[in-house]
Ligand code: 5GP
């Protein structure tokens, strides 16, 4: 997605050749028009997949997934992150290790908002080690749903996330794939 690459080149800040900060349009300040375009692109990539529900994770996934949900005309539910919770019977949950925060947290979705037997699309902002997406996929499957695909805005292809998800059989669609960070700049994969 060329407009996304352009924004990353213009405004992205690479920290220690490890983490990409895109706070000016994706993770803190949000560019509404860019998000509409992202939603359309995700919807186009999954238009024949029969998606019935979108699942994402708070906080940054929500605004991205909302645009896709509007385009695809399906309900959207976001998983909540909690450091540790008193587990109750009315939620599905999964444990995820946070790459940026370097700690484990629980992700939960109320059973009321994840009915069984649906085709689900998972959406997140970044793909790095695949922990968050894998945790969401397991959670969705524990509800008796099928993960039809995983849509990611920015993939760091030099980390093992995509390989891990594909090995588990998931269809991963990333709008931008970063091959490497070199001297704190992004090198993109060819489309
Ligand atoms: P994973 O679980 O695949 O290791 O990492 C994905 C999650 O970590 C995303 O939801 C995102 O919040 C965060 N993350 C991983 N790498 C980056 C990065 O380079 N920049 C930003 N802004 N977030 C990242």
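Cβ from N, Cα, C; glycine included.
Quantities reported herein were computed from a predicted structural model and do not represent experimental measurements.
Here is what TrEMBL says about this protein:
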type: BINDING; residues: 20, 27, 156; note: xanthine binding site
type: BINDING; residues: 128, 129, 130, 131, 132; note: 5-phospho-alpha-D-ribose 1-diphosphate binding site
type: DOMAIN; residues: 45-157; note: domain 'Phosphoribosyltransferase'
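Known features from TrEMBL, placed on the structure.
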| residue | record | Cβ within 10 Å |
| --- | --- | --- |
| 20 | xanthine binding site | 19 |
| 27 | xanthine binding site | 15 |
| 128 | 5-phospho-alpha-D-ribose 1-diphosphate binding site | 23 |
| 129 | 5-phospho-alpha-D-ribose 1-diphosphate binding site | 15 |
| 130 | 5-phospho-alpha-D-ribose 1-diphosphate binding site | 26 |
| 131 | 5-phospho-alpha-D-ribose 1-diphosphate binding site | 18 |
| 132 | 5-phospho-alpha-D-ribose 1-diphosphate binding site | 28 |
| 156 | xanthine binding site | 25 |
Just to confirm my parser: what is the rounded mean pLDDT across the domain 'Phosphoribosyltransferase' (45-157)?
94
Between all pairs in 20, 27, 156 (listed as xanthine binders), what's the biggest Cα distance, rounded to the nearest Å?
16
As a quick check of your reading of DSSP, tell me how many residues in the domain 'Phosphoribosyltransferase' (45-157) are helical, how many are strand and how many are coil.
29 helix, 48 strand, 36 coil
Pairwise CA distance, residue 156 (xanthine binding site) versus residue 128 (5-phospho-alpha-D-ribose 1-diphosphate binding site), rounded so that it is a whole Å
5
Work out the three-state DSSP category of residue 20 (xanthine binding site).
strand
